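Trainee: Okay, so TrEMBL annotates it like this:
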- 78-97: transmembrane segment (TRANSMEM)
- 113-585: domain 'Glycoside hydrolase family 9' (DOMAIN)
- His515: active site (ACT_SITE)
- Asp563: active site (ACT_SITE)
- Glu572: active site (ACT_SITE)
Amino acid sequence: MHSANHWGGSLEIYNGSAESTTDDEKSRNMEWDKAALQPQHHHLDETQQSWLLYPQETKKKKYVDMGCVACSHKALKWTLYAFVFALLVIALPTILAETLPKHKSKPTPPDNYTIALQKALLFFNAQKSGKLHKNNGIPWRGDSGLQDGNGTDFSKAGLVGGYYDAGDNTKFHFPMAFAMTMLSWSVIEYRQKYEAIGEYQHTIDLIRWGTDYLLLTFNSSASKIDKIYCQVGGSRNGSTIPDDHYCWQGPEDMDYPRPTQVVNSGADLAGEMAAALAAASIVFRDDEAYSKKLVKGAATVYAFARDGGRRRAYSSGNDYIQPYYNSTSYYDEYIWGATWLYYATGNISYIRLATEPGFSKHSKALLGIPDLSVLSWDNKLPAAMLLLTRYRIFLNPGYPYEEMLRMYHNTTERNMCSYFQQFNVFNWTKGGMIQLNHGRPQPLQYVANAAFLASLYVDYLNATRVPGFNCGPQFISLDVLRNFATSQINYILGDNPMKMSYVVGYGTKFPRHVHHRGASTPSDNVRYSCTGGWKWRDISKPNPHNITGAMVGGPDRFDQFRDVRTNYNFTEPTLAGNAGLVAALVSLTSSGGIGIDKNSIFSAVPPLYPPSPPPPPAWKP
């Protein structure tokens, strides 16, 4: 190899060996050396003499000798001016920029979904029951329900805490558990977004408020239980005695009996509670003691759900529950609860249950029934199948689960296809809202849930670099599915024929007569009786308190909405509905980046295949 001269020109290295030069080169070198050593005896002309003698100048010098450069005084002066100018214009600002304190640039303003999300979370603060924290953030709410569940035999706390379900003061545990599952799921998938908008701690505090309460509803310290408290308060249809529907009082003023409902069988309720506690245990994985407590509770209630003698609907024959939150099946909760328990524990028995062919048969999950593609507090099938599709997409476990997972994956894609207007599975309003509940009242909770599932599935496929999926012979790109999700949430936020936001406090035009006892009763230090509060129910004036973030029931099938307090079909919000809204909004916001957390949900899942054996020891002769 040749040595390089990094400074330019040729580079010759003399190594002192006789063979390095030719005889001619030696001869020339010797001649040059002799010439250099011999004195020179030739004439110097005048110029050369002047260089040697330095005669004194008789005229004023017009230049300055700077060693190797001769400059005129004028040139030197302008050079100095240029240097000072450069110092002031270039160097000084640079120095100041480096030395003065730096001010952070203004953060990117939050998008509309973030603003709506922050408001939607406040609804849960307004629905809290029990002893409230000082920083609850809802000034018109106070402590309430402090005598709930007196006499229960599970804990000294009775059944104090949890959330009121809607505009009344009833605590329905079935939809409450579903709401906690949905909030937990959204945090697991989009934690970085919650952190970016400053709502992570708030949201997990809301989840813990719910899971702490759910742990009070059964003997969570036991490994086997025989009953679950399923409701506090409530009313029978047409009742004329003081209760949560007949009376119109804020929760702080309740002075009527609040009976508790208990069930000795209820596979649906227990399966949903298992899902809620297991999902929350993943959220709270950093708090090892609390996470283990949640896992233990989830396993206990799931065992209750699977007990052969307790396999019936929790609402069956109960007049306090059946007219309001009647459950139509429990096999969807079997799949849903088992999937979350598998993710929470890594126990292989749960994934075996989740992919049990009998569950899909009894739940009719694979039959393509349109109503079973609609996620709600009653039907968890589309969410459970999407969760299992996640397992297949990211971990690809193969045999013996592949066949069921593949069928769930196919059904999930069919569910997504059903959301598109072109396939005529569901009707749509002229204003652009999909009618997932066939034009019946309170449609928005179903719309929000579908938007969440669609947006989440887009993020799953994006994370695996899959550009879309097929609806029959037609290829659907992910942009089309995302557009469905955004169009439905935009409809809820005001892009509708009424030009009204159906989320209270978002935008300038939103419902002012929300069907809600606490929001409609003024905070005037007057304790209103059961019937004394009726005037606040019937008055035509707007509520004295805006229940910020509440998503109301929504418009009818003609896109029309009546902002009337007594018409709960239009103006009543629900806990489960707002949980789906929160999940959809966080999936769509660009704050905190795009996409999901691919791996956290699988933290407890063990390696699917045996680890590679260690390499053999090095061979020794």
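Using the three backbone atoms N, Cα and C, a Cβ is placed for every residue, glycine included.
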Trainee: What is the interatomic distance between the Cα atoms of Asp563 (active site) and Glu572 (active site), given in whole Å?
Mentor: 10
Trainee: Could you tell me the mean pLDDT over the domain 'Glycoside hydrolase family 9' (113-585), as a whole number?
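Mentor: Over the domain 'Glycoside hydrolase family 9' (113-585), the predicted model scores a mean pLDDT of 97.
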Trainee: Rank the active-site residues Asp563, Glu572 by how many other Cβ atoms lie within 10 Å of each Cβ and give me the one with the fewest.
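Mentor: Each of the active-site residues Asp563, Glu572 was scored; lowest Cβ tally within 10 Å is Asp563.
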Trainee: In angstrom units, rounded to an integer, how far apart are the Cα atoms of Glu572 (active site) and His515 (active site)?
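Mentor: So the alpha carbons of Glu572 (active site) and His515 (active site) sit roughly 5 Å from each other.
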Trainee: How many other Cβ atoms are found within 10 Å of the Cβ atom of His515 (active site), counting all protein chains shown?
Mentor: 25
